[in-house]
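Please read the structure below before turning to the comments.
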């Protein structure tokens, strides 16, 4: 972020900047250290010992022992928010920095412990300077902050709706960074609704003055414009269920019990999720059902991909229902992940055909859900471009016939984007050509759909060097284990190198590093 201390501690020298190697610790390997890293902290500065137990308490005691390295006792400023064990047996503790009990917005610290109970890597944003820069006090209540947020987006609670579901609003007090590099107590307000149009607003409200520090509609989509063909007319097998004398697009076949459910909005932009798609027989063959068939079939395949490859149970890894709504709006040129489900427009026929007709677009949107529940990459600037890129990359992993994204739904051009040749569709493929676009809706929040071409090309370089099977494991591990909300391109490079080293060793880690070097990073 540049507003706090960017922290990266690891045995791997490839973790860029502020890198610390822990003595006596090995992950897959223990490479030679590079002494020219910026702000390098020598390994003898750390007290290293095997943790007596792998627990929050033991880790905080370890951090306390290393107080000089972290400029104080970081254990007093960290709150545990998640703990996972990966397939290698490594444990990962995800913390949020706090100030007087208030979490710091968009900051996380992840502490990684190997199978021998040694801390082998630490990365994230510690934000040592937050306390000194918090320059206000809390005067507003959460409800008052919600009122300010509604005014900022030009809506009222009465004017929006989630259909039959209660409004999904929340206001959480946090320490938020301002443009001048300081921090203020602010409410992180989330407002989600589906009527009169889908929205997933995040509004930052100053807790003292009510001033809007930031607002963003975080409805994430594959593209704002595009083209496509008509649905193919191909016959596919569907997992459905029989309910009340009819057949419906509800997939109950998954071994985990996760449901995949497909609805029809009948060209409305309200009453989400819509009407459950049904038939009097077990055949869904009418022209109005074709978009739903594609959405249902594709999502079943995408679920199977994440479950079979990574043992991931739905986007949230908790078996959450996977919901799609097709025929959203009239001639709507978009597909979107809106925080808890997907929507698909029918396209205008000249730029897009129905957007559910593309396997890689469906996988792209589902990956936004996975990202939301793991790294939660901010949807702006470099983190936002990474958010889009990881969705594109997993879109490719689900449809490896070509390097294009969206080729099955575009009408007036061959595809939306290309991993192998980003410049073909107006994206940069090297960091020297990074587009510094404004962080506004009109500027695509810093060019998240434009600058994603750079990490996309790095992914292409990686895949062509080490193959799909290794690359997809490396990318999934980086996304779910190492990345944090404010991760930059360099952080992604470091996370992918470390993931390659964890899984496959130094040779493949070097291939990943070379892939990113080739795009100017």
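A Cβ is built for glycine as well, from the same backbone N, Cα and C atoms used for every other residue.
Database features, via Swiss-Prot:
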SIGNAL    1-27  signal peptide
BINDING   283  Ca(2+) 1 binding site
BINDING   360, 399, 402, 404, 407  Ca(2+) 2 binding site
BINDING   364, 368, 388  Zn(2+) binding site
ACT_SITE  365  active site
BINDING   399, 402, 407  Ca(2+) 3 binding site
BINDING   411  Ca(2+) 4 binding site
ACT_SITE  449  active site, proton donor
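Feature map: annotations from Swiss-Prot on the structure.
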| residue | record | Cβ within 10 Å |
| --- | --- | --- |
| 283 | Ca(2+) 1 binding site | 12 |
| 360 | Ca(2+) 2 binding site | 30 |
| 364 | Zn(2+) binding site | 31 |
| 365 | active site | 30 |
| 388 | Zn(2+) binding site | 31 |
| 399 | Ca(2+) 2 binding site | 22 |
| 402 | Ca(2+) 2 binding site | 14 |
| 404 | Ca(2+) 2 binding site | 23 |
| 407 | Ca(2+) 2 binding site | 22 |
| 411 | Ca(2+) 4 binding site | 16 |
Remark   = If you measure between the CA atoms of the residue listed as 'active site, proton donor' and the residue listed as 'Ca(2+) 4 binding site' and round to the nearest Å, you get 19
Request  = Give the number of CB atoms, excluding that of residue 449 (active site, proton donor) itself, located within 10 Å of its CB.
outcome  = 22
Ask   = Expressed to the nearest Å, what is the distance separating residue 411 (Ca(2+) 4 binding site) and residue 364 (Zn(2+) binding site) at their Cα atoms?
value = 19
Task = Across all the protein chains here, work out how many other Cβ atoms are within 10 Å of the Cβ of residue 368 (Zn(2+) binding site).
result = 27
Message = Around the Ca(2+) 3 site formed by 399, 402, 407, which additional residues qualify by having Cβ within 8 Å of the site's Cβ center?
response = 360, 396, 401, 403, 404, 405, 408, 415
Query = Around the Ca(2+) 2 site (360, 399, 402, 404, 407), what further same-chain residues have their C-beta within 8 angstroms of the site's C-beta centre?
reply = 358, 359, 395, 396, 401, 403, 405, 406, 408, 415
